[in-house]
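Per Swiss-Prot, these features apply:
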type	residues	note
BINDING	6, 8, 174, 291	Zn(2+) binding site
BINDING	47	substrate binding site
């Protein structure tokens with residue numbers, strides 16, 4: 001069994017949000033003919049997507065070809081829209097979540113849903129989380145690596161974490177809103193360097209901000225193998241202990257204490273990196289994630305995990321399925 005925690009999906013179409021809300025910055029979908037569309041933002045192409053980004057039947061066909069049993073579906077992070085007026089973001093979130101729920105309902109043995117929330121308005125976010133879990137049946141939510149000027153340790157977000165614990169709602173943290181201009185404007189650096197940096201910042205913020213201390217039952221998984229965090233934990237812990245005046249202001253516990261308190265996906269593209277990741281984060285805390293259907297994703301889902309001579313069959317099963325089931329609070333028999 002293979003359960004992919006990290007995949008993205010969009011509706012086939014959605015309303016003209018600039019006309020609906022009366023201001024720019026929204027992502028629009030421009031169909032280019034059968035099987036291809038452009039995601040447009042402020043008149044510029046953000047990304048060209050293929051039919052597998054919106055058509056569940058195409059996805060299932062490709063899943064069958066690659067041996068993937070289940071995909072956890074989440075929106076493309078540029079759709080988060082945390083910058084917008086909260087009521088407008090809420091309306092978009094409800095549209096995206098309803099579309100996601102309809103897809104899961106059609107194929108409940110192949111898909112599970114990770115919803116999206118208007119995180120810039122925690123009260124509204126909690127209400128939509130309640131709806132996602134209780135009405136739509138989602139086991140989790142995808143959130144960004146920061147919410148405008150809030151890092152993930154900001155007390156404004158604590159009501160969301162309280163609700164997530166109460167509802168047993170898992171959080172999948174995805175980097176977004178990287179610096180795109182200046183020195184980062186070339187070589188695809190926002191995706192190659194900016195995303196790992198965003199994820200590392202999110203992990204450090206939650207650790208040093210005491211989030212895992214305050215919310216010990218919170219289930220969090222970070223995308224892209226936790227960014228640079230597994231490789232730089234030594235530097236982070238050393239800096240914490242050498243400069244507690246800067247690093248221990250909100251939490252006095254060594255960062256290493258929280259290894260094992262959160263999950264990452266497995267998307268590191270390299271056997272040495274995957275070995276390090278499981279050594280640092282734990283073999284019980286790494287989950288197969290591919291970033292399907294995008295080019296930076298793992299093109300052969302689970303192949304790297306299966307190729308690892310250091311992993312026994314029990315470990316491989318944990319990484320490809322068991323850890324995802326634990327993180328999402330689901331039973332294997334639902335998908336067998």
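Placed from the backbone N, Cα and C atoms, the Cβ positions cover glycine too.
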Key: Residue among the binding-site residues 8, 174 whose Cβ has the most other Cβ atoms within 10 Å   = 174
Key: Set of same-chain residues at least 6 away whose C-beta sits under 8 angstroms from residue 291 (Zn(2+) binding site)   = 6, 7, 8, 223, 224, 267, 297, 298
Ask   = In the same chain, outside 6, 8, 174, 291, whose C-beta lies within 8 angstroms of the Cβ mean position for the Zn(2+) site?
value = 7, 74, 77, 223, 265, 289, 290, 292, 294, 297
Ask   = Among the binding-site residues 6, 47, whose Cβ has the fewest other Cβ atoms within 10 Å?
value = 47
Query = Quick one: what's DSSP say for residue 6 (Zn(2+) binding site), helix, strand or coil?
reply = strand
Key: Distance from residue 174 (Zn(2+) binding site) back to the residue listed as 'substrate binding site', taken between C-alpha atoms, in Å   = 17
